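Novice: Below are the structure tokens for one structure; questions will follow.
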């Protein structure tokens with residue numbers, strides 16, 4: 001069993017924001033498998049898919065980003081998924097828009113959702129798929145207002161190309177493992 005978690009903020013006002021790109025990737029995965037999210041046994045929405053004879057739980061925490069660890073730990077306990085079966089999908093302000101980076105483990109790198117998951121698990125030993133959101137054309141003055149802001153039209157065009165690649169990268173992790181997916185997807189997309 002694999003658990004793929006997309007990070008974001010639950011309220012409708014955050015839909016389409018840069019910080020919710022993890023939710024966007026999970027929504028694309030669910031649509032690909034023609035399934036819908038329902039209320040889980042914890043503070044999350046989940047759905048189950050099967051891909052190449054592998055069971056996968058897709059999960060969207062319904063906590064705010066900075067408290068994502070509670071939902072992740074609850075789901076890991078309920079579904080009996082170990083760290084090796086966990087993949088977190090989140091935005092990354094340190095990566096330029098149009099790029100993704102898969103890692104087998106590592107620090108939070110300034111991403112507060114990852115930071116809380118690491119705190120709750122007491123470990124950095126889980127896979128993550130980081131989706132770049134840093135603008136190429138302007139400096140940032142306020143990180144929080146930027147990540148909570150909606151994508152510009154130009155950024156949306158880039159994300160429409162990136163999100164399907166993220167979907168395929170996540171499925172590659174499920175089937176072939178994180179190392180294989182890193183070799184295939186850790187390169188610029190745009």
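Backbone N, Cα and C atoms are what each Cβ position is placed from, and that goes for glycine too.
Sharing the record's features from Swiss-Prot:
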- 19: active site, proton acceptor (ACT_SITE)
- 14, 64, 66, 112: tRNA binding site (BINDING)
- 9: site 'Discriminates between blocked and unblocked aminoacyl-tRNA' (SITE)
- 91: site 'Stabilizes the basic form of H active site to accept a proton' (SITE)
Novice: Which residues, same chain and not among 14, 64, 66, 112, have a CB within 8 angstroms of the centroid of the CB atoms at the recorded tRNA site?
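Specialist: Filtered neighbour residues, in order: 9, 19, 63, 65, 67, 68, 113.
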Novice: Greatest CA-CA distance (Å) over the residues 14, 64, 66, 112 that the record ties to tRNA?
Specialist: 16
Novice: Taking DSSP three-state, what's residue 9 (site 'Discriminates between blocked and unblocked aminoacyl-tRNA') in: helix, strand or coil?
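Specialist: Residue 9 (site 'Discriminates between blocked and unblocked aminoacyl-tRNA') sits in coil per DSSP, no helix or strand.
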Novice: Tell me the coarse DSSP state (helix, strand, coil) of residue 91 (site 'Stabilizes the basic form of H active site to accept a proton').
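Specialist: The residue in question, residue 91 (site 'Stabilizes the basic form of H active site to accept a proton'), is strand (DSSP, three-state).
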Novice: Spatial neighbours of residue 9 (site 'Discriminates between blocked and unblocked aminoacyl-tRNA') among the binding-site residues 64, 66, 112, defined as Cα within 10 A: which are they?
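Specialist: If one measures from the Cα of residue 9 (site 'Discriminates between blocked and unblocked aminoacyl-tRNA'), the binding-site residues that come within 10 Å are 64, 66.
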Novice: Could you tell me the C-alpha distance between residue 91 (site 'Stabilizes the basic form of H active site to accept a proton') and residue 66 (tRNA binding site) in angstrom, no decimals?
Specialist: 13
Novice: For the recorded positions 9, 66, 112, which one has the sparsest Cβ surroundings, going by other Cβ atoms within 10 Å?
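Specialist: Fewest other Cβ atoms within 10 Å, among the recorded positions 9, 66, 112, is found for 66.
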Novice: If you draw a 10 Å sphere on the Cβ of residue 91 (site 'Stabilizes the basic form of H active site to accept a proton'), how many other Cβ atoms land inside?
Specialist: 26
Novice: Per residue, counting other C-beta atoms within 10 angstroms of the C-beta, which of the recorded positions 14, 19, 64 reaches the highest number?
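Specialist: When each Cβ's neighbours within 10 Å are tallied, 19 leads.
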Novice: List the Cα distance (Å, whole number) between residue 64 (tRNA binding site) and residue 19 (active site, proton acceptor).
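Specialist: A Cα-Cα distance of 11 Å.
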Novice: Could you give the Cα-Cα distance between residue 66 (tRNA binding site) and the residue listed as 'active site, proton acceptor', in whole Å?
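Specialist: Here the two Cα atoms are 11 Å apart.
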Novice: Reduce the DSSP letter at residue 14 (tRNA binding site) to three states and note it down.
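Specialist: In the DSSP reduction, residue 14 (tRNA binding site) maps to helix.
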